[in-house]
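Written out below as structure tokens is the structure these notes cover.
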């Protein structure tokens, strides 16, 4: 008998942990336990969390996003968040990962989404748009991509971050800032159909979302092979465990319910294509995905996780909740009216969740209010 590969061993171990839960007593969405977990994460964190010092901006966003998608984000939490994000402001217009650190494009993305969620003039005023614009230009590469900082890497995450935050603060997608960016992103589509972090690398669920969302904002979805992309996205749902994986021959992970799930929504909605033609339904089984998240990703003490037997964390709580929102509603995009959504057939199981914008990763409405604010502000740059 042939020896099993490491991949096969890990898949068997995952199935052994997942299947008893998947086939066990039916679980409902446990709102109160998740709120208890999120409330606890607002307390001072113990010393092991010091390893996440450079992820402060992200921890603020994950907390705010989770509370917001549950409709439980209040002004007192926003005031604390504004104070925290203010300490992360850098000298050039970007935001840092932690206090006193260098500005970083991904930390800037997380900080601006947090500002968006705080939904107030006090929060919006933390963004110095003209300085941010100059800083983004300083990170631009000749090939159209963006570095995360002056000496950092360039990939689909950093490009999406640049495009996304620019869109939120009123920088046009036709601005010279994005010359060559769409072309660079489209080179990231692989022979499998998904998109990679950089051209000619392996397709990945997280990078696919980042590249696809940026391409959609730039209006270039027609440049992709959508049939191959859709096929690859369908293949991300495990046929036995029903969760999504991030790559071929990789394990299911609750966070991909958003990275892959939102990618399905973008493609099906028609947003970012010339025709804006929407499809009648998604290409995967949302009911089975719901089962995986509710049965296997909910911790008994609250919060959500990658997969059993792992512990819950802020990252997976945030993106599992966003993933659940993506199946709680049917999303469409209309040229004249913009985005619309209505409860899906699964909504009754997830009625405490608000609809999430598949591009901006915040509940609908927040993105429009920050855009309106910056459209009313004068700029010397554009």
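Glycine residues also receive a Cβ, built from the backbone N, Cα and C atoms like all the rest.
Values in this document were obtained by computation on a predicted structure and should not be read as measured data.
Mapped onto three states, the DSSP output places residue 58 (site 'Important for selectivity against geranylgeranyl diphosphate') in helix. In sequence order, 97, 106, 107, 110, 315 constitute the residues six or more apart from residue 58 (site 'Important for selectivity against geranylgeranyl diphosphate') in its chain with CB-CB distances below 8 Å. The feature site 'Important for selectivity against geranylgeranyl diphosphate' is assigned by Swiss-Prot to 58.
Tertiary proximity for the repeat 'PFTB 1' (78-119) is limited to same-chain residues at least six positions away from its ends with a CB under 8 Å from its CB atoms, namely 42, 53-58, 60-61, 63-65, 68, 126-136, 138-139, 146-149, 152, 157-158, 160-162, 164-165, 168-169, 360-362, 366-367, 369-370. Summarising the annotation, Swiss-Prot assigns repeat 'PFTB 1' to 78-119.
Taken from Swiss-Prot, the feature repeat 'PFTB 2' applies to 129-170. The repeat 'PFTB 2' (129-170): residue composition by secondary structure is 23 helix, 4 strand, 15 coil, according to DSSP.
Taken from Swiss-Prot, the feature repeat 'PFTB 3' covers 178-219. Outside the repeat 'PFTB 3' (178-219) by six or more residues, the chain places 142-146, 154-157, 159-164, 166-167, 225, 227-233, 236, 244-248, 256, 258-260, 262-263, 266-267, 271-272, 274, 358-359 with a CB less than 8 A from a CB of the stretch.
All chains included, 19 other C-beta atoms sit within 10 angstroms of the C-beta of residue 247 ((2E,6E)-farnesyl diphosphate binding site). Under the three-state DSSP scheme, residue 247 ((2E,6E)-farnesyl diphosphate binding site) falls in the coil class. Residues or ranges marked as (2E,6E)-farnesyl diphosphate binding site in Swiss-Prot (evidence: similarity to another entry): 204, 205, 206, 207, 247, 248, 249, 250, 256, 257, 258, 259.
According to Swiss-Prot, the repeat 'PFTB 4' annotation covers 226-268.
Residues or ranges marked as Zn(2+) binding site by Swiss-Prot on the basis of similarity to another entry: 253, 255, 316. When other Cβ atoms within 10 Å of the Cβ of residue 253 (Zn(2+) binding site) are tallied across all protein chains shown, the result is 24. DSSP assigns residue 253 (Zn(2+) binding site) to coil in the three-state reduction, outside any helix or strand.
Each residue in the repeat 'PFTB 5' (286-328) has a pLDDT score, and their mean in this model is 98. The repeat 'PFTB 5' annotation in Swiss-Prot covers 286-328.
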Should one count Cβ atoms within 10 Å of each candidate's Cβ, the binding-site residues 256, 258 would be headed by 256
Positions whose Cβ lies under 8 angstroms from the repeat 'PFTB 5' (286-328), at least six residues beyond its ends: 14, 17-18, 21-22, 24, 26-30, 33-38, 40-41, 58-59, 61-63, 65-66, 69-70, 237, 241-244, 251-259, 261-262, 264-265, 343-344, 346-347, 349-351, 353-356, 358, 361, 363
Beyond 253, 255, 316, what residues of that chain have CB atoms within 8 A of the centre of the Zn(2+) site's CB atoms? 254, 256, 257, 297, 304, 305, 306, 307, 315, 319, 320
Same chain only, sequence gap of 6 or more: which residues have a CB within under 8 Å of the CB of residue 206 ((2E,6E)-farnesyl diphosphate binding site)? 157, 246, 256, 259
Can you check what DSSP calls residue 204 ((2E,6E)-farnesyl diphosphate binding site), collapsed to helix, strand or coil? coil
Might you list, by sequence position, any residue in that chain lying six or more from residue 255 (Zn(2+) binding site) with a Cβ less than 8 Å away from its Cβ? 306, 315, 316, 319, 320, 323
